[in-house]
Amino acid sequence: MKKTKVINSDISRVIAQMGHFDKLSIGDAGMPVPRTTEKIDLAVTNGVPSFMEVLNNVLEELAVQRIYLAEEIKTENPDMLAAIETRLPETPISFIPHTEMKQELNNCHAFIRTGEMTPYANILLESNVVF
């Protein structure tokens, strides 16, 4: 059995396959995902697992150089924005319109669906190198 923090086989596989500048997305239960993007559905019920639980788990194994958030999170979900900024204090943030965020899912290795039920709780993680 795997000893590291990420034990979900699909998430582990996707992270292992990622290279520099590749993207992985984590989001709320309502985010529409293109059919061409792999969806790893972890949602069980309202709030389970939470967005932050999944983000914290993924960050145990994924080196991230930049994150992308919806511009709308600033006004529609400031508590989530604060939690993300606290978790990734040194990581540059690019704010983009939510419509662009949905389009960017076409360029992601995968989308991890959580049970999060708060607005604009979606993130694009741009991978870094570990050397």
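For all residues, glycine too, the Cβ spot is worked out from N, Cα and C.
Features of the protein shown, as given by Swiss-Prot:
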- His20: active site, proton donor (ACT_SITE)
- Asp28, His98, Tyr120, Ala121, Asn122: substrate binding site (BINDING)
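All features noted in Swiss-Prot, drawn onto the structure.
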| residue | record | contacts (Cβ under 8 Å, 6+ apart) |
| --- | --- | --- |
| His20 | active site, proton donor | Ser127, Asn128, Val129 |
| Asp28 | substrate binding site | Phe51, Arg113, Thr114, Glu116, Met117, Thr118, Pro119, Tyr120, Ala121, Asn122 |
| His98 | substrate binding site | Ala70, Glu71, Glu72, Tyr120, Asn122 |
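Sequence-ordered, the extra residues of this chain that approach the substrate site, with Cβ no more than 8 Å from the Cβ center of Asp28, His98, Tyr120, Ala121, Asn122, are Gly27, Gly30, Met31, Ala70, Glu72, Ile73, Asn77, Met101, Glu116, Thr118, Pro119. In the three-state DSSP scheme, His98 (substrate binding site) is classed as helix. When the binding-site residues Tyr120, Asn122 are compared by the number of other CB atoms within 10 angstroms of each CB, Tyr120 has the fewest. Comment: substrate site residues Asp28, His98, Tyr120, Ala121, Asn122; largest CA to CA distance 13 Å, whole number.
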